[in-house]
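Student: Feature annotation from TrEMBL assigns active site to Glu177. Residues or ranges marked as Zn(2+) binding site in TrEMBL: His176, His180, His186. TrEMBL lists 78-276 with the feature domain 'Peptidase M12A'. The transmembrane segment annotation in TrEMBL covers 6-28.
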Amino acid sequence: QTFDALIFKSVIFFFLLVSIQMSQWVILKLFQDSKLTPVRQFFKTESQNSHNKRNPIGDANTSVLQGDIAVPNTLSRNADKCTERGCKWPKSGSYVYVPYYISKTFSQEERDVIIRGMQGFNQSTCIRLIPWKPEDRDYIFIESKDGCWSYVGRQNGGQYLSLQKTGCVHNEVVQHEILHALGFNHEQVRSDRDSYVRILFDNIEPNFKFAFEKKETNNLGTPYDFTSVMEYRNDAFSKNGKPTIVAKCDPNLKFGNSKKMSANDIIRINKLYECSE
């Protein structure tokens, strides 16, 4: 009877171990699949679009504000104003901690590119992008989905940021999408954009004119910035290879090719999140 009891306890202990391992797997699975609406292809790759290596494309099945911006279907808020309604990441002391988790599908080389892009925030602002821990409720899950895209601002829980392995794992794209996740929009939709650029709607693909709709934005006292990593290329969404955005100061000015955040991008982060100078 004592031997039978020992066997019984051993079996119970074994099943407890299995249950713990299964629980850990379920938690990770929930983490990966948390309340997010998948969005397809917000940036076409070079092979898909010869006119624009970063041409944002929306998905009709998802509520989309602009080309590479997604919001859950349950929300109808204006993303430009979301930072006034709770989508800013909270500040703790002098820093704003933003947890992230990088999918294991990325190679070490790709992870290095992503992390280098993040370092620009950690070195120049009070934003601290930090590895996710199980106790973190809000976080950015960086995964290779279809295209390059992000939600705008903090979404209260896990939120995808997609960097498709073919075409999106570049420093400027990493920083562009993280800026969206921090609450920032594209340059060409600024409320004062008409003083700086002309939008050539006749050259824009009809289904994507929404990406050029002017918004009521908080420009944080900064000027329009053609060098911003948030600025579209001259031919974004072009249906014929001709320009869709023209600078009023110089119609021949080429822009939208920045490889990293501009000085103004950094100033805006520090102003929005009240970073100490």
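Glycine too: its Cβ is placed from the backbone N, Cα and C atoms.
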Student: Over the domain 'Peptidase M12A' (78-276), what does the predicted model average in pLDDT?
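Tutor: It averages 94.
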Student: Using DSSP reduced to three states, classify His186 (Zn(2+) binding site) as helix, strand or coil.
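Tutor: Looking at the DSSP assignment, His186 (Zn(2+) binding site) belongs to neither helix nor strand, so coil.
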Student: Enter the number of other CB atoms within 10 angstroms of the CB of His176 (Zn(2+) binding site).
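Tutor: Within a 10 Å radius of the Cβ of His176 (Zn(2+) binding site) lie 28 other Cβ atoms.
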